[in-house]
Amino acid sequence: MITKVLEVDNHTVTTHFVLLGFPTRPAFQLLLFFVFLAIYLLTLVENFLIILIIHSDGQLHKPMYFFLSNLSFLEMWYVTVISPKMQIDFLSHDKTISFNGCMTQLYFFVTFVCTEYILLAAMAFDRYVAICNPLRYPLIMTTQLCGTLAAGCWFCGLMTAMIKMVFIARLRYCGTPRINHYFCDISPLLNVSCEDSSQAELVDFFLALMVIAVPLCVVVASYATILTTVLKIPSSQGRHKAFSTCASHLAVVILFYSTTLFTYARPKLMYTYNSNKMVSVLYTVIVPLLNPIIYCLRNREVKAALRKTIHCKRSEPRKDGAVIN
């Protein structure tokens, strides 16, 4: 492969990276292409369907579902940042990505990951108010507050990614670095840098600590209070009903945090393990696929709205006035 570099002041300036991806036989690469393509398309359809259901059903115009639609919108872009390039690399011998393309992919990926951490904390706070302060819930979780929380989540994600990029993009990379990953992530870029990256790693660790630890504390505190409140309910039916309203969100939180926590707490250390790519597949491919399924299976209101939407589509009148049964 021709080395794609520029000579500036006797130093090589990297213009491209090579993503090694999943090095396997061509036949298996084709199989992986179809598997990941099917997962990507299904993820888009699932999340789009949830947004459509929430938008079209008036009974779902509540703070909980407002945040859920934000999560679905986020995850549609979250997978789109990574999957298309991964699909191309499965079919192509040229697995290079330009420096600007790599940094752009990293910026938006970090934005969506950080936004999701904070958004899940906002959803936990919403469940805390709904269960622990049900009478004041409409007064607290107003449309204005929900919009402010959602906007704050996106703003924090964008700013965190921007600060990280300032330190990572200015690192010097020699020649055409070969990245043992299927997308541009923080850990591989820190490891292939040919200069001291300790400052960038320190900034990344501090920001990761803020973006992960603070929302995690909000989630833990919210669910600890929820658990205490639910256990005080005298009837088992009442306890089950109260906890069922937040069970799907708790499952999503556990899935997302458990697959990303250790990767982004110590990014450079995680790159040394061969299992890093497999862990990344979990939170970049599998978790976005499972989240809509979890919300549909565990949430009665979403299931009822889905059935209503399907029934309405089947019962739409034909042009000749007949009703489709």
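Backbone N, Cα and C atoms are what each Cβ position is placed from, and that goes for glycine too.
Going by TrEMBL, these are the annotated features:
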{"type": "DOMAIN", "residues": "46-295", "note": "domain 'G-protein coupled receptors family 1 profile'"}
{"type": "TRANSMEM", "residues": "27-53", "note": "transmembrane segment"}
{"type": "TRANSMEM", "residues": "65-86", "note": "transmembrane segment"}
{"type": "TRANSMEM", "residues": "106-125", "note": "transmembrane segment"}
{"type": "TRANSMEM", "residues": "137-163", "note": "transmembrane segment"}
{"type": "TRANSMEM", "residues": "205-230", "note": "transmembrane segment"}
{"type": "TRANSMEM", "residues": "242-265", "note": "transmembrane segment"}
{"type": "TRANSMEM", "residues": "277-297", "note": "transmembrane segment"}
Does the transmembrane segment (137-163) reach the transmembrane segment (27-53), going by 3 or more CB pairs under 8 Å (6 or more apart in sequence)?
no
Below 8 angstroms Cβ to Cβ, which residues of this chain, lying six or more residues outside the transmembrane segment (277-297), approach it?
22, 36, 39-40, 42-43, 46-47, 49-50, 68, 71-72, 75, 78-79, 82-83, 180-183, 185, 248, 251-252, 255-256, 259-260, 262-263, 270, 303, 306
For the transmembrane segment (106-125), distant same-chain residues with Cβ under 8 A (at least six beyond the ends):
64, 67-68, 70-71, 74-75, 77-78, 81-82, 149-150, 152-154, 156-158, 160-162, 164-165, 168, 183-186, 189, 211-212, 214-216, 218-219, 222-223, 246, 249, 252-253, 256-257, 260, 264
Could you give the mean pLDDT over the domain 'G-protein coupled receptors family 1 profile' (46-295), rounded to a whole number?
87
Go through the chain and flag residues at least 6 beyond the ends of the transmembrane segment (27-53) whose CB is under 8 A from any CB in it; none is fine as an answer.
60, 68-69, 72-73, 75-76, 79-80, 83-84, 86-87, 90-91, 285-286, 288-289, 291-293, 295-296, 302, 305-306, 309
